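Novice: According to Swiss-Prot, the feature NADP(+) binding site maps to 21-45, an assignment based on similarity to another entry. Annotation source Swiss-Prot lists substrate binding site at Ser154. Taken from Swiss-Prot, the feature active site, proton acceptor covers Tyr167.
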Amino acid sequence: MAKEGGLGENSRWSLGGMTALVTGGSKGIGEAVVEELAMLGAKVHTCARDETQLQERLREWQAKGFQVTTSVCDVSSRDQRVKLMETVSSLYQGKLNILVNNVGTSIFKPTTEYTAEDFSFVMATNLESAFHLSQLAHPLLKASGSGSIVLISSAAGVVHVNVGSIYGATKGAMNQLARNLACEWASDNIRTNSVCPWYITTPLSNDFFDEEFKKEAVRTTPMGRVGEANEVSPLVAFLCLPSASYITGQTICVDGGATVNGFSFKTMP
């Protein structure tokens, strides 16, 4: 029988009574995830580097009646990650149901042009932060009796996408981390899954990708369009629900079919 963590059969499609930490929640996919979890009843804490943006989002969330708290944190910093988890532990009395490792960045260069500093920065922001925050969250997730970790990875961790080899390497490693933690922490009733978006319209993608890149992304996507942040967040929320209690160690793409698209003829012969 599936463990419900004391939530009861009638709460299979609710996050009421649960607590969550979402990194990078002030914009893009992170913002959409915060709202999705809060709409389902979770108490959510989120962090970002920009305090002004955080306060703007917080006012919006409070106006909607969401139970959200915020703090400033640069998750590429080990000391700040430790402080963040101390804050979360204090807020939620040493228990946490949901951890969404969402923060990510990239530097787009040919592989031969990357510096040691480039490598360290992308690795620390994407992979090291997800690994360390999962470590720090483990006792809180275990104490909750029903824990779920979701790593926001990328289609670039599943197939080649020319957005930087370091970025792709970090995302591939995150997918494997999800598999490892799923097996290692299953006995603690902690599930871990990886969500891999393709081209999603966010402030980050708008900053990095020009219209030509977007056209190419659309051309290679069977659904013929790019995605939106609120098309990723429902999957993240589902993986945290009691109804997903037997799903762990999975890598799931949200990509309009892009990662399964081989070579598609415009017209059949």
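Cβ atoms here come from the backbone N, Cα and C positions, even for glycine.
For each feature listed, report its degree of burial, its nearest neighbours and the pertinent distances within the displayed model.
Specialist: According to DSSP, Leu37 (NADP(+) binding site) sits within a helical segment.
DSSP assigns Ser154 (substrate binding site) to coil in the three-state reduction, outside any helix or strand. For Ser154 (substrate binding site), the Cβ neighbour count at a 10 Å cut-off comes to 28, with all displayed protein chains included.
The DSSP secondary structure for Tyr167 (active site, proton acceptor) is helix. Other Cβ atoms within 10 Å of the Cβ of Tyr167 (active site, proton acceptor), summed over all protein chains shown, number 22.
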Novice: Cα distance, Ser154 (substrate binding site) to Ile29 (NADP(+) binding site), nearest Å?
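Specialist: With distance taken Cα to Cα, Ser154 (substrate binding site) is 12 Å from Ile29 (NADP(+) binding site).
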Novice: Do you know which of the binding-site residues Gly25, Gly41 has the most other C-beta atoms within 10 angstroms of its C-beta?
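Specialist: Neighbour-count leader: Gly25.
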Novice: Note down the number of other Cβ atoms within 10 Å of the Cβ of Ile29 (NADP(+) binding site), including every protein chain shown.
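Specialist: For Ile29 (NADP(+) binding site), the count of other Cβ atoms within 10 Å is 29.
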Novice: Need the DSSP three-state call for Gly25 (NADP(+) binding site) to compare against my parser.
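Specialist: It is coil.
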Novice: In whole Å, how far is His45 (NADP(+) binding site) from Tyr167 (active site, proton acceptor) when you measure between their Cα atoms?
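Specialist: Distance (Cα to Cα, whole Å): 26 Å.
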Novice: If you measure Gly41 (NADP(+) binding site) to Ser154 (substrate binding site) at Cα, how many Å is it?
Specialist: 27
